[in-house]
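Visitor: Let me give you the structure first, and then I'll get to my questions.
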Amino acid sequence: MQILKENASNQRFVTRESEVNRICCGFNGFQLGERLRRDMKTSSITTLVVNTTTYFFKDTTELIDFKEKRIDLYEYARYGNPTTMALEEKISVLEGAESTLVMASGMYASNVMLLALVPTNGHIVATKDCYKETRIFMENFLTKLGITVTFIDSDDIAGLQTLVNNHEVSLFFTESPTNPFLRCVDIKLVSKICHRRGTLVCIDATIATPINQKTLALGADLVHHSATKYIGGHNDFLAGSISGSMELVSKIRNLHKLLGGTLNPNAAYLLIRGMKTMHLRVRQQNSTGMKMAQVLEAHPKVSRVYYLGLPSHPEHLIAKRQMTGIGGLISFEIDGDLKTTIKFIDALKIPYLAASFGGCESLVDQLATGIWDIPREERLKDGFQDNLVRFSFGIEDFEDIKADVLQALETI
């Protein structure tokens, strides 16, 4: 009698009555149950979540074949997981990349990339308005390894050219667009400048998304995402990704295995789920962002709007060349002081007062209060005026959001 019907598409092993009797000798039924239906394949249309820390080999021969790289299998969860690998393949297709590595957060992804690719005593060039924690990591930690970092303005092309010509620069790193002022670099141009001298280019395209910008096709060597944001799109997990050539991503993967910032397979599943609707979400956010930028720029109680879709933005023409949409993140300055801006923020009804961006829900924050722990003089030096607002538009109805913003402006 066959205990499990033999079906090659559904399971790897078939357990017969004689095998059950053999397994049962000296074991109770619980242990027998644990051995049945392991490694079962299904016809599910959704990617399976594989929650396991380790993987078994059917015999020692298979184990040795794996160790000697004759077959490709899984061994331990920190080194790989079927759910996570499916996610990596999907992101690679989106980015046009040879390989992708997904990790526990965007912050971890950028840090391990820098550690893997910049040698001791190497030199990094980065833009001044890169993510605050990334800058802290560069200035306070990488310098302990003898790595020097030069920060330049995002539009300082001449400065970049001088640095790569006169120094052995290992890597150029920038966000494009940046947060919160939505500055962008000409990716084709900076890649051309850097590649002449053998300098790698990594672009954090979190705000751009793989939908609105094909970063690798524009010439960058690597594209980084905080997948927590637009790719996941639901504000319910942390994740980061690096995509690029097999050679570069493999170097990052090797260090990642040592550092251990592994993405949980449940989070990988949520990210795969989010990717199914990303193009729809981003399309809605592109539309809402563009229309709200125009509404805000025309409003007498708004003194300035930062949005690449507007001709008033200094990098508007660059964005038009390399992006197919601008997204749902806008920064703007209220015509008033700190208290006036707080009054506007607190009068809003739809968005949550929260950090982050890119999810289904609209989020708003006043940058001065979001970085309240930084002295005001330092905030002002970096352009964070007391009246600066960052608004991440979600997928709510445009007319509802517009009405809410306008009524809040009427209160000041």
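FYI, residue positions are counted from 1 along the chain as it appears here.
A Cβ is built for glycine as well, from the same backbone N, Cα and C atoms used for every other residue.
Pulled from Swiss-Prot, these are the listed features:
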- TYR76, ARG78, GLY106, MET107, TYR131, SER226, THR228: pyridoxal 5'-phosphate binding site (BINDING)
- LYS229: N6-(pyridoxal phosphate)lysine (MOD_RES)
Visitor: How many Å lie between the Cα of MET107 (pyridoxal 5'-phosphate binding site) and the Cα of the residue listed as 'N6-(pyridoxal phosphate)lysine'?
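Guide: Counting only the Cα atoms, the answer is 12 Å.
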Visitor: With every protein chain in view, what's the tally of Cβ atoms within 10 Å of the Cβ of ARG78 (pyridoxal 5'-phosphate binding site), excluding that atom itself?
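Guide: Summing over all protein chains shown, ARG78 (pyridoxal 5'-phosphate binding site) has 15 other Cβ atoms within 10 Å.
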Visitor: Under 8 Å Cβ to Cβ from THR228 (pyridoxal 5'-phosphate binding site), same chain, six or more residues apart: give me those in sequence order, or none if nothing qualifies.
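Guide: Sequence-distant Cβ neighbours: SER105, GLY106, ASN235, PHE237, LEU238, ALA239, GLY240, SER356, GLY358.
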Visitor: Using C-alpha atoms only, work out the spacing between ARG78 (pyridoxal 5'-phosphate binding site) and the residue listed as 'N6-(pyridoxal phosphate)lysine' and round it to an integer in Å.
Guide: 24
Visitor: Would you mind checking how many other C-beta atoms are within 10 angstroms of the C-beta on SER226 (pyridoxal 5'-phosphate binding site)?
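Guide: For SER226 (pyridoxal 5'-phosphate binding site), the count of other Cβ atoms within 10 Å is 27.
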Visitor: List the Cα distance (Å, whole number) between TYR131 (pyridoxal 5'-phosphate binding site) and the residue listed as 'N6-(pyridoxal phosphate)lysine'.
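Guide: So the alpha carbons of TYR131 (pyridoxal 5'-phosphate binding site) and the residue listed as 'N6-(pyridoxal phosphate)lysine' sit roughly 14 Å from each other.
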Visitor: On the three-state reduction of DSSP, what should I expect for LYS229 (N6-(pyridoxal phosphate)lysine)?
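Guide: LYS229 (N6-(pyridoxal phosphate)lysine) sits in coil per DSSP, no helix or strand.
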